[in-house]
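K.L.:
Sharing a structure here in C-alpha coordinates format.
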(Lines of atoms letter the chains of each structure in order from A; the text may use other names.)
(Lines give C-alpha, C1' and ligand atoms only; values in the text may rest on other atoms or scores of the structure.)
Protein backbone atom coordinates (compact mmCIF):
# COMPACT_ATOMS: atom_id res chain seq x y z
CA UNK A 1 0.00 0.00 0.00
CA UNK A 2 1.28 3.48 -0.89
CA UNK A 3 2.48 6.10 1.59
CA UNK A 4 2.58 9.89 1.25
CA UNK A 5 4.70 12.81 2.47
CA UNK A 6 3.24 16.31 2.12
CA UNK A 7 5.68 19.20 2.61
CA UNK A 8 4.46 22.78 2.92
CA UNK A 9 7.21 25.35 2.36
CA UNK A 10 5.58 28.09 4.41
CA UNK A 11 5.20 31.27 2.30
CA UNK A 12 7.12 30.04 -0.77
CA UNK A 13 4.73 31.57 -3.32
CA UNK A 14 5.46 31.75 -7.05
CA UNK A 15 3.60 34.82 -8.28
CA UNK A 16 0.59 36.98 -7.57
CA UNK A 17 -2.81 35.27 -7.57
CA UNK A 18 -5.38 36.37 -10.16
CA UNK A 19 -7.07 38.47 -7.46
CA UNK A 20 -3.85 39.77 -5.87
CA UNK A 21 -4.79 43.37 -6.69
CA UNK A 22 -7.62 43.12 -4.14
CA UNK A 23 -4.96 42.58 -1.47
CA UNK A 24 -2.47 45.16 -2.70
CA UNK A 25 -0.23 42.32 -3.89
CA UNK A 26 -0.42 42.52 -7.69
CA UNK A 27 3.07 41.77 -8.98
CA UNK A 28 4.28 39.99 -5.85
CA UNK A 29 6.40 36.91 -6.54
CA UNK A 30 8.32 35.37 -3.66
CA UNK A 31 10.52 32.90 -5.54
CA UNK A 32 10.84 34.98 -8.69
CA UNK A 33 11.86 38.16 -6.93
CA UNK A 34 14.35 36.34 -4.70
CA UNK A 35 15.94 34.78 -7.80
CA UNK A 36 16.08 38.15 -9.56
CA UNK A 37 17.56 39.85 -6.50
CA UNK A 38 20.24 37.18 -6.18
CA UNK A 39 21.08 37.44 -9.88
CA UNK A 40 21.54 41.19 -9.42
CA UNK A 41 23.81 40.77 -6.39
CA UNK A 42 21.19 41.79 -3.83
CA UNK A 43 21.09 38.36 -2.21
CA UNK A 44 24.65 38.39 -0.95
CA UNK A 45 25.55 38.35 2.73
CA UNK A 46 29.10 37.76 3.95
CA UNK A 47 29.41 34.42 5.68
CA UNK A 48 25.96 33.27 4.52
CA UNK A 49 25.68 33.12 0.74
CA UNK A 50 26.55 34.93 -2.49
CA UNK A 51 25.72 34.86 -6.17
CA UNK A 52 22.71 33.57 -8.14
CA UNK A 53 20.01 31.51 -6.46
CA UNK A 54 20.99 27.85 -6.77
CA UNK A 55 18.12 25.36 -6.58
CA UNK A 56 19.15 22.54 -8.94
CA UNK A 57 17.11 19.83 -7.26
CA UNK A 58 13.90 21.85 -7.10
CA UNK A 59 14.47 22.92 -10.71
CA UNK A 60 14.72 19.23 -11.64
CA UNK A 61 11.31 18.72 -10.02
CA UNK A 62 9.83 21.46 -12.21
CA UNK A 63 9.85 24.48 -9.89
CA UNK A 64 10.99 26.82 -12.67
CA UNK A 65 8.25 25.54 -14.97
CA UNK A 66 5.66 25.91 -12.21
CA UNK A 67 6.82 29.53 -11.84
CA UNK A 68 6.51 29.98 -15.60
CA UNK A 69 2.97 28.67 -15.49
CA UNK A 70 2.08 31.16 -12.76
CA UNK A 71 3.86 34.26 -14.09
CA UNK A 72 4.87 33.59 -17.69
CA UNK A 73 8.59 33.51 -16.93
CA UNK A 74 11.17 31.13 -15.52
CA UNK A 75 13.10 32.84 -12.70
CA UNK A 76 16.87 33.22 -13.18
CA UNK A 77 18.67 29.97 -12.45
CA UNK A 78 15.54 27.81 -12.36
CA UNK A 79 15.53 26.55 -15.94
CA UNK A 80 15.10 22.78 -15.66
CA UNK A 81 17.52 20.20 -16.89
CA UNK A 82 16.45 16.92 -18.42
CA UNK A 83 14.85 14.67 -17.56
CA UNK A 84 12.37 16.22 -15.15
CA UNK A 85 11.58 14.05 -12.16
CA UNK A 86 8.06 15.10 -11.09
CA UNK A 87 4.60 16.27 -11.93
CA UNK A 88 4.63 20.06 -11.76
CA UNK A 89 2.01 22.77 -11.76
CA UNK A 90 0.69 25.71 -9.77
CA UNK A 91 -2.40 26.21 -7.65
CA UNK A 92 -4.74 29.12 -6.92
CA UNK A 93 -6.40 29.61 -3.54
CA UNK A 94 -10.18 29.90 -3.47
CA UNK A 95 -10.42 31.07 0.15
CA UNK A 96 -10.48 34.83 0.61
CA UNK A 97 -7.27 35.14 2.56
CA UNK A 98 -3.52 34.79 2.55
CA UNK A 99 -3.04 33.23 5.97
CA UNK A 100 -1.70 29.96 7.29
CA UNK A 101 -4.96 28.23 8.33
CA UNK A 102 -6.74 29.11 5.09
CA UNK A 103 -3.88 27.77 3.00
CA UNK A 104 -3.36 24.56 4.96
CA UNK A 105 -7.05 23.77 5.36
CA UNK A 106 -7.63 24.21 1.63
CA UNK A 107 -4.62 22.00 0.87
CA UNK A 108 -6.28 19.38 3.10
CA UNK A 109 -9.60 19.66 1.28
CA UNK A 110 -11.52 22.30 3.26
CA UNK A 111 -11.53 25.76 1.63
CA UNK A 112 -12.55 28.52 4.04
CA UNK A 113 -15.94 29.78 2.84
CA UNK A 114 -16.92 32.32 5.52
CA UNK A 115 -14.54 35.27 5.88
CA UNK A 116 -12.27 35.50 8.92
CA UNK A 117 -12.58 38.38 11.33
CA UNK A 118 -9.81 40.99 11.18
CA UNK A 119 -8.83 43.88 13.41
CA UNK A 120 -8.49 47.39 11.96
CA UNK A 121 -5.11 49.06 11.55
CA UNK A 122 -5.88 51.59 14.28
CA UNK A 123 -4.67 52.23 17.81
CA UNK A 124 -6.35 50.67 19.68
CA UNK A 125 -6.94 47.83 17.24
CA UNK A 126 -9.01 45.59 19.51
CA UNK A 127 -12.61 46.19 20.59
CA UNK A 128 -12.76 47.54 24.14
CA UNK A 129 -15.06 44.67 25.18
CA UNK A 130 -12.55 42.08 23.95
CA UNK A 131 -9.67 43.71 25.81
CA UNK A 132 -11.70 44.08 29.00
CA UNK A 133 -12.80 40.44 28.88
CA UNK A 134 -9.24 39.20 28.40
CA UNK A 135 -7.90 41.33 31.26
CA UNK A 136 -10.67 40.20 33.60
CA UNK A 137 -10.61 36.48 32.77
CA UNK A 138 -6.82 36.18 32.72
CA UNK A 139 -6.29 38.39 35.79
CA UNK A 140 -3.96 40.76 33.94
CA UNK A 141 -2.88 44.24 35.09
CA UNK A 142 -3.59 45.42 31.54
CA UNK A 143 -2.09 44.92 28.11
CA UNK A 144 0.49 46.68 25.96
CA UNK A 145 0.50 47.16 22.22
CA UNK A 146 -3.11 46.90 21.02
CA UNK A 147 -2.13 47.62 17.41
CA UNK A 148 -0.81 46.20 14.16
CA UNK A 149 2.89 45.52 14.44
CA UNK A 150 5.87 43.46 13.39
CA UNK A 151 6.48 40.89 16.11
CA UNK A 152 10.18 41.58 16.45
CA UNK A 153 9.74 45.36 16.35
CA UNK A 154 7.05 45.46 19.02
CA UNK A 155 9.11 43.28 21.36
CA UNK A 156 12.04 45.65 20.92
CA UNK A 157 9.78 48.63 21.59
CA UNK A 158 7.76 47.29 24.52
CA UNK A 159 9.77 44.40 25.97
CA UNK A 160 11.27 46.42 28.81
CA UNK A 161 7.92 47.93 29.80
CA UNK A 162 6.35 44.47 29.71
CA UNK A 163 8.98 43.12 32.11
CA UNK A 164 8.45 46.07 34.48
CA UNK A 165 4.65 46.02 34.47
CA UNK A 166 3.70 42.39 33.85
CA UNK A 167 1.38 43.48 31.04
CA UNK A 168 1.59 41.14 28.02
CA UNK A 169 2.16 42.63 24.58
CA UNK A 170 -0.91 42.08 22.40
CA UNK A 171 -0.81 42.87 18.70
CA UNK A 172 -2.23 41.84 15.34
CA UNK A 173 -1.56 42.08 11.61
CA UNK A 174 -3.37 41.91 8.29
CA UNK A 175 -4.05 38.23 9.06
CA UNK A 176 -6.89 37.03 11.25
CA UNK A 177 -4.72 36.77 14.33
CA UNK A 178 -4.41 37.86 17.96
CA UNK A 179 -0.79 37.56 19.10
CA UNK A 180 0.47 37.72 22.67
CA UNK A 181 4.17 38.20 23.39
CA UNK A 182 5.55 37.71 26.89
CA UNK A 183 8.89 37.10 28.57
CA UNK A 184 9.37 33.43 29.42
CA UNK A 185 10.95 34.18 32.80
CA UNK A 186 9.40 37.46 33.93
CA UNK A 187 5.86 36.51 32.86
CA UNK A 188 6.18 32.74 32.66
CA UNK A 189 5.75 30.40 29.71
CA UNK A 190 2.82 28.47 31.17
CA UNK A 191 1.08 31.71 32.14
CA UNK A 192 1.51 32.89 28.56
CA UNK A 193 -0.04 29.69 27.23
CA UNK A 194 -2.93 29.93 29.68
CA UNK A 195 -3.49 33.57 28.74
CA UNK A 196 -3.65 32.48 25.09
CA UNK A 197 -6.17 29.74 25.90
CA UNK A 198 -8.37 32.38 27.52
CA UNK A 199 -7.81 34.73 24.57
CA UNK A 200 -8.86 31.93 22.21
CA UNK A 201 -12.26 31.76 23.90
CA UNK A 202 -12.55 35.55 24.05
CA UNK A 203 -11.73 35.85 20.33
CA UNK A 204 -14.12 33.14 19.13
CA UNK A 205 -17.12 35.47 18.68
CA UNK A 206 -14.95 37.67 16.44
CA UNK A 207 -14.04 34.76 14.09
CA UNK A 208 -10.33 35.19 14.70
CA UNK A 209 -8.42 32.37 13.02
CA UNK A 210 -5.49 32.09 15.41
CA UNK A 211 -4.28 33.20 18.80
CA UNK A 212 -0.49 32.90 18.90
CA UNK A 213 1.79 32.75 21.93
CA UNK A 214 5.05 34.56 21.16
CA UNK A 215 7.49 33.89 24.02
CA UNK A 216 10.78 35.75 24.21
CA UNK A 217 13.85 36.10 26.40
CA UNK A 218 16.54 38.71 26.96
CA UNK A 219 16.82 42.07 28.66
CA UNK A 220 16.66 45.78 27.95
CA UNK A 221 20.47 45.91 28.06
CA UNK A 222 21.21 42.86 25.91
CA UNK A 223 18.13 43.03 23.70
CA UNK A 224 15.14 40.72 23.39
CA UNK A 225 14.85 37.66 21.16
CA UNK A 226 12.01 35.30 20.35
CA UNK A 227 12.34 31.68 21.42
CA UNK A 228 11.25 28.52 19.62
CA UNK A 229 8.37 27.88 22.04
CA UNK A 230 5.73 29.63 19.98
CA UNK A 231 2.33 27.99 20.18
CA UNK A 232 -0.74 28.53 17.99
CA UNK A 233 -4.30 28.21 19.25
CA UNK A 234 -6.43 27.76 16.12
CA UNK A 235 -10.09 27.13 15.55
CA UNK A 236 -10.83 23.67 14.16
CA UNK A 237 -11.67 23.21 10.46
CA UNK A 238 -15.44 23.33 9.88
CA UNK A 239 -15.53 20.10 7.85
CA UNK A 240 -13.63 16.86 7.51
CA UNK A 241 -10.10 17.22 6.17
CA UNK A 242 -7.69 14.78 4.57
CA UNK A 243 -6.44 14.11 8.10
CA UNK A 244 -9.94 13.18 9.29
CA UNK A 245 -10.26 10.79 6.36
CA UNK A 246 -6.95 9.16 7.20
CA UNK A 247 -7.92 8.79 10.86
CA UNK A 248 -11.28 7.25 9.93
CA UNK A 249 -9.47 4.73 7.74
CA UNK A 250 -7.15 3.78 10.59
CA UNK A 251 -4.03 5.08 8.88
CA UNK A 252 -0.85 6.18 10.64
CA UNK A 253 -0.50 9.98 10.74
CA UNK A 254 2.55 12.02 11.75
CA UNK A 255 2.33 15.82 11.94
CA UNK A 256 5.61 17.73 12.03
CA UNK A 257 6.16 21.41 12.83
CA UNK A 258 3.10 23.53 13.45
CA UNK A 259 0.66 21.21 11.63
CA UNK A 260 -0.91 20.11 14.92
CA UNK A 261 -1.59 23.71 15.93
CA UNK A 262 -3.02 24.63 12.51
CA UNK A 263 -5.59 21.83 12.63
CA UNK A 264 -6.40 22.37 16.33
CA UNK A 265 -4.85 18.96 17.08
CA UNK A 266 -7.75 17.15 15.41
CA UNK A 267 -6.81 13.96 13.58
CA UNK A 268 -3.16 14.99 13.61
CA UNK A 269 -1.84 11.67 14.93
CA UNK A 270 1.64 11.73 16.42
CA UNK A 271 2.83 15.32 16.68
CA UNK A 272 6.51 16.27 16.53
CA UNK A 273 7.50 19.91 16.92
CA UNK A 274 11.25 20.51 16.69
CA UNK A 275 12.77 23.97 16.35
CA UNK A 276 13.88 25.10 12.91
CA UNK A 277 13.49 23.87 9.35
CA UNK A 278 16.44 21.50 9.45
CA UNK A 279 15.25 19.73 12.60
CA UNK A 280 11.67 19.53 11.29
CA UNK A 281 12.84 17.95 8.04
CA UNK A 282 15.03 15.53 10.01
CA UNK A 283 12.03 14.49 12.08
CA UNK A 284 9.78 14.09 9.04
CA UNK A 285 12.30 11.93 7.18
CA UNK A 286 12.90 9.77 10.24
CA UNK A 287 9.15 9.34 10.73
CA UNK A 288 8.61 8.52 7.07
CA UNK A 289 11.37 5.92 7.08
CA UNK A 290 9.45 4.03 9.78
CA UNK A 291 5.94 4.76 8.45
CA UNK A 292 3.71 1.73 7.84
CA UNK A 293 1.97 1.14 4.53
CA UNK A 294 -0.87 3.57 3.91
CA UNK A 295 0.57 6.15 6.30
CA UNK A 296 0.95 9.90 5.94
CA UNK A 297 3.48 12.49 7.13
CA UNK A 298 2.44 16.17 7.00
CA UNK A 299 5.29 18.68 7.39
CA UNK A 300 5.33 22.47 7.65
CA UNK A 301 8.64 24.33 7.29
CA UNK A 302 7.90 27.70 8.85
CA UNK A 303 11.30 29.42 8.89
CA UNK A 304 10.91 30.68 5.32
CA UNK A 305 8.00 32.78 6.58
CA UNK A 306 8.85 33.77 10.14
CA UNK A 307 12.59 34.22 9.88
CA UNK A 308 12.89 35.70 6.41
CA UNK A 309 9.60 36.62 4.72
CA UNK A 310 8.16 38.84 7.45
CA UNK A 311 11.60 40.32 8.05
CA UNK A 312 12.02 41.12 4.35
CA UNK A 313 15.35 39.29 4.41
CA UNK A 314 16.29 38.33 0.84
CA UNK A 315 19.71 36.76 1.58
CA UNK A 316 18.30 34.76 4.50
CA UNK A 317 15.33 33.54 2.47
CA UNK A 318 17.60 32.58 -0.44
CA UNK A 319 19.92 30.67 1.89
CA UNK A 320 16.94 28.84 3.45
CA UNK A 321 15.71 27.80 0.00
CA UNK A 322 19.17 26.57 -0.95
CA UNK A 323 19.47 24.62 2.30
CA UNK A 324 16.18 22.85 1.59
CA UNK A 325 17.14 22.20 -2.01
CA UNK A 326 20.35 20.50 -0.89
CA UNK A 327 18.28 17.96 1.05
CA UNK A 328 15.99 16.89 -1.80
CA UNK A 329 18.20 13.81 -2.40
CA UNK A 330 17.44 12.71 1.17
CA UNK A 331 13.73 12.89 0.38
CA UNK A 332 14.20 10.76 -2.74
CA UNK A 333 16.16 8.26 -0.64
CA UNK A 334 13.29 7.52 1.79
CA UNK A 335 10.67 7.03 -0.93
CA UNK A 336 9.85 3.45 -1.85
CA UNK A 337 8.14 2.39 -5.10
CA UNK A 338 4.58 3.67 -4.97
CA UNK A 339 5.29 6.36 -2.38
CA UNK A 340 4.29 9.97 -3.09
CA UNK A 341 5.89 13.23 -2.01
CA UNK A 342 4.20 16.58 -2.69
CA UNK A 343 5.99 19.89 -2.16
CA UNK A 344 3.82 23.00 -2.08
CA UNK A 345 3.20 26.23 -0.13
CA UNK A 346 0.32 27.90 1.70
CA UNK A 347 0.69 31.55 0.57
CA UNK A 348 3.45 34.00 -0.34
CA UNK A 349 5.64 36.34 1.68
CA UNK A 350 7.73 38.22 -0.86
CA UNK A 351 10.79 39.60 0.97
CA UNK A 352 11.18 42.30 -1.69
CA UNK A 353 7.62 43.56 -1.13
CA UNK A 354 6.47 46.55 0.88
CA UNK A 355 5.45 46.10 4.51
CA UNK A 356 5.91 42.94 6.54
CA UNK A 357 2.80 40.90 5.70
CA UNK A 358 2.02 37.82 3.62
CA UNK A 359 1.42 38.23 -0.10
CA UNK A 360 -1.52 36.74 -2.01
CA UNK A 361 0.19 34.34 -4.39
CA UNK A 362 -0.13 31.15 -6.34
CA UNK A 363 1.82 28.18 -4.99
CA UNK A 364 3.95 25.48 -6.60
CA UNK A 365 2.75 21.90 -6.80
CA UNK A 366 5.58 19.38 -7.25
CA UNK A 367 4.59 15.71 -6.95
CA UNK A 368 7.00 12.82 -7.31
CA UNK A 369 7.94 9.32 -6.25
CA UNK A 370 9.56 6.18 -7.64
CA UNK A 371 7.56 4.88 -10.57
CA UNK A 372 5.07 7.77 -10.57
CA UNK A 373 4.18 9.76 -13.67
CA UNK A 374 6.00 12.97 -14.61
CA UNK A 375 4.83 15.97 -16.62
CA UNK A 376 2.71 19.10 -16.42
CA UNK A 377 -0.52 19.21 -14.40
CA UNK A 378 -1.17 22.86 -15.25
CA UNK A 379 -3.06 25.37 -13.16
CA UNK A 380 -5.06 23.87 -10.33
CA UNK A 381 -8.09 26.01 -9.54
CA UNK A 382 -7.97 25.25 -5.82
CA UNK A 383 -5.33 24.17 -3.33
CA UNK A 384 -7.79 21.37 -2.50
CA UNK A 385 -6.62 19.47 -5.59
CA UNK A 386 -3.52 18.63 -3.54
CA UNK A 387 -5.48 16.93 -0.77
CA UNK A 388 -7.75 15.25 -3.29
CA UNK A 389 -4.74 13.80 -5.11
CA UNK A 390 -3.10 12.56 -1.91
CA UNK A 391 -6.40 10.97 -0.85
CA UNK A 392 -6.75 9.23 -4.21
CA UNK A 393 -3.17 8.00 -4.07
CA UNK A 394 -3.75 6.53 -0.61
CA UNK A 395 -7.01 4.87 -1.63
CA UNK A 396 -9.26 7.08 0.51
CA UNK A 397 -12.78 8.21 -0.39
CA UNK A 398 -12.97 11.57 -2.21
CA UNK A 399 -12.74 14.68 -0.06
CA UNK A 400 -15.38 17.40 0.01
CA UNK A 401 -13.44 19.65 -2.38
CA UNK A 402 -10.77 19.36 -5.01
CA UNK A 403 -10.08 17.22 -8.06
CA UNK A 404 -7.22 14.73 -8.22
CA UNK A 405 -4.70 15.08 -11.03
CA UNK A 406 -4.29 11.30 -11.35
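Keep in mind that glycine also has a Cβ here, set from the backbone N, Cα and C atoms.
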K.L.:
Looking at Swiss-Prot, 305, 310 are annotated for Mn(2+) 2. Which of 265, 332, 358 sits in that same site?
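P.N.:
My reading of Swiss-Prot gives 358 as the candidate in that site.
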K.L.:
Which residues, sitting 6 or more apart from residue 305 (Mn(2+) 2 binding site) on the same chain, put a CB under 8 Å from its CB?
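P.N.:
In sequence order, 10, 11, 349, 358 meet the Cβ cut-off.
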K.L.:
Which is it, of 10, 346: the one of these binding-site residues whose Cβ has the most other Cβ atoms within 10 Å?
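P.N.:
Per the Cβ count within 10 Å, the most buried is 346.
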K.L.:
Between 310, 347, 358, which of the binding-site residues has the fewest other CB atoms within 10 angstroms in the structure shown?
P.N.:
310
K.L.:
Going by DSSP, is residue 347 (Mn(2+) 1 binding site) sitting in a helix, a strand, or coil?
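P.N.:
Looking at the DSSP assignment, residue 347 (Mn(2+) 1 binding site) belongs to neither helix nor strand, so coil.
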